[in-house]
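Notes follow once the structure below has been shown.
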Amino acid sequence: MAKQPTALIILDGFANRESEHGNAVKLANKPNFDRYYSKYPTTQIEASGLDVGLPEGQMGNSEVGHMNIGAGRVVYQSLTRINKSIEDGDFFENDVLNNAINHVKKNDSVLHVFGLLSDGGVHSHYKHLFALLDLAKKQGLEKVYVHAFLDGRDVDQKSALKYIEETEAKFKELGIGQFASVSGRYYAMDRDKRWDREEKAYNAIRNFGGTTFESAKAGVEANYDKDLTDEFVEPFIVQDQNEGVNDGDAVIFYNFRPDRAGQLSEIFTDKAFEGFKVEQINDLFYATFTKYNDNVNAEIVFEKVDLTNTIGEVAQDNGLKQLRIAETEKFPHVTYFMSGGRNEEFEGERRRLIDSPKVATYDLKPEMSAYEVKDALIEELNKGDLDLILLNFANPDMVGHSGMLEPTIKAIEAVDECLGEVVDKITEMGGHAIITADHGNSDMVLTDDDQPMTTHTTNPVPVIVTKDGVTLRETGRLGDLAPTLLDLLNVDQPEDMTGESLINH
């Protein structure tokens, strides 16, 4: 007899917001979501700031969200850990950072600093760059080159000049540091093996020829003149800088989120790299703020804190069969991040990865691969052996990042169609679903004055539990979702999971 599965369905980037203006969630025609919302118990939970282990007021993101969801507790994020280490001075005593600096001193070479130059707090924070500059100054370094990746996604689309000016003021204050190259994150921080993009950023960083400007500011302004926003600024070299990354140098990459920093780091450190032809660099000391992936051969500044008893491990320990399913853009989130930074499958776990469409930007294909994800899930459900399903629909977030309202509405409408088929199938099997999100985004695609808003929001996310006869607590946080799943599965919650089920007892 087929099992009665319990599913967690994450509508990525889908949050509650009262105002309809620029709110794709409110404006979309979503009969299935609305039907479940009126029929079943609902609540809303917090998905940002202190509730997910981030600094107060900091918007949540997919990595942080899935980690909190899977862990069933508040997980203190890299950003919070690094800020704390700077505040209490441990940062300046860090062995890996000091080893990088000593390597430069020994070789009379250059320290290169890579990273996303913004205060978005999703992948990086530029104040961490300032702390690195303080450390380099304290240690007497003279040559520090900054290779800046521009954001325009987790912050305003054209905000780079503000960060560039503040960084140049820091260079001036300390008497060290200069911009060496600048690339939009579209090039330097790809995660889908689009090596043609990464190669352009790599060539600028190595100073292998290409567009040159006399200053970072001039280069950004020239890109603005071509109607390019920060994310899409074409990699360029800053004139003063004429050395690039060379033998005997050191690199510190200060992004703390792994998924968009791994590919560039592989190019510099993986001797087996085959994406395009690279010139090996001898005696390069390469350090990354966190572990990016197994192909990156680097020293780690902040080692991972191990999370035990995540939802996947508890399911395994109780002999349950689980499925993780998403398209490429969110597959690491339902696997690696939801398992607390673990790549290996648990016993009884299987995975379905559906390729994301190969388009330049997802507003060109708002449905992305939602229908294929839905079809694959129905196929898996028909096997009748699943206890637990962890599913992510990427569209509201990925299309929401375009800052375009109509495509984002279409994205949500496509997901709603898929949601209906999936939830109805689970219900028909006698199972239950929790429909929720990991953070906001599509709830505010336009600002009040109709400018594109490409960032996440700090709004609470909805929760629907498709089970009759229960009521839900009035509030909670993402870390309460795993305990709620275990509650539906009639599985005891381990002590490590300090979240609380949203179901009233």
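In case you wondered, yes, glycine gets a Cβ from its N, Cα and C as well.
What Swiss-Prot says about this one:
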- Asp12, Ser62, Asp438, His439: Mn(2+) 2 binding site (BINDING)
- Ser62: active site, phosphoserine intermediate (ACT_SITE)
- His123, Arg153, Asp154, Arg185, Arg191, Arg257, Pro258, Asp259, Arg260, Lys330: substrate binding site (BINDING)
- Asp397, His401, His456: Mn(2+) 1 binding site (BINDING)
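Mapped onto this structure are the features recorded in Swiss-Prot.
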residue: Asp12; record: Mn(2+) 2 binding site; DSSP class: coil
residue: Ser62; record: Mn(2+) 2 binding site; DSSP class: helix
residue: His123; record: substrate binding site; DSSP class: coil
residue: Asp154; record: substrate binding site; DSSP class: coil
residue: Pro258; record: substrate binding site; DSSP class: coil
residue: Asp397; record: Mn(2+) 1 binding site; DSSP class: helix
residue: Asp438; record: Mn(2+) 2 binding site; DSSP class: coil
residue: His456; record: Mn(2+) 1 binding site; DSSP class: coil
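Annotation for His456 (Mn(2+) 1 binding site): same-chain Cβ neighbours under 8 Å, separated by at least 6 residues, are Gly13, Ser48, Met59, Gly60, Asn61, Val122, Asp154, Asp397, His439, Gly440, Asn441. A 10 Å cutoff on Cβ-Cβ distances gives Ser62 (Mn(2+) 2 binding site) a total of 28 other Cβ atoms nearby, all chains included. Cβ proximity to the Mn(2+) 1 site centre (mean Cβ of Asp397, His401, His456, cutoff 8 Å) flags the following additional same-chain residues: Asp12, Gly13, Asn61, Ser62, Arg153, Pro396, Met398, Gly400, His439, Asn441, Ser442, Thr454, Thr455.
Of all Cβ atoms in the protein chains displayed, 21 besides its own lie within 10 Å of the Cβ of Asp154 (substrate binding site). The Cβ of Asp12 has fewer other Cβ atoms within 10 Å than any other of the binding-site residues Asp12, Asp397, Asp438. All protein chains included, Pro258 (substrate binding site) registers 24 other Cβ atoms within 10 Å of its own Cβ.
It is His123 that, of the binding-site residues His123, Arg260, has its Cβ surrounded by the most other Cβ atoms within 10 Å. Highlighted in sequence order, Ile10, Gly13, Ala47, Gly60, Asn61, Gly65, His66, Lys330, His333, Asn392, Asp397, Ala437, Asn441, His456 have their Cβ within 8 Å of the centre of the Cβ atoms of Asp12, Ser62, Asp438, His439, the residues recorded for Mn(2+) 2, and are not part of that set. For Asp438 (Mn(2+) 2 binding site) paired with His401 (Mn(2+) 1 binding site), the C-alpha to C-alpha distance reads 15 Å. Residues listed for substrate, His123, Arg153, Asp154, Arg185, Arg191, Arg257, Pro258, Asp259, Arg260, Lys330, cover a largest CA to CA span of 18 Å.
Each residue contributes its Cα atom, and for Arg260 (substrate binding site) and Ser62 (Mn(2+) 2 binding site) these two points are 13 Å apart. Checked against Pro258 (substrate binding site) by C-alpha proximity, the binding-site residues Asp12, Ser62, His401 yield Ser62 as the nearest.
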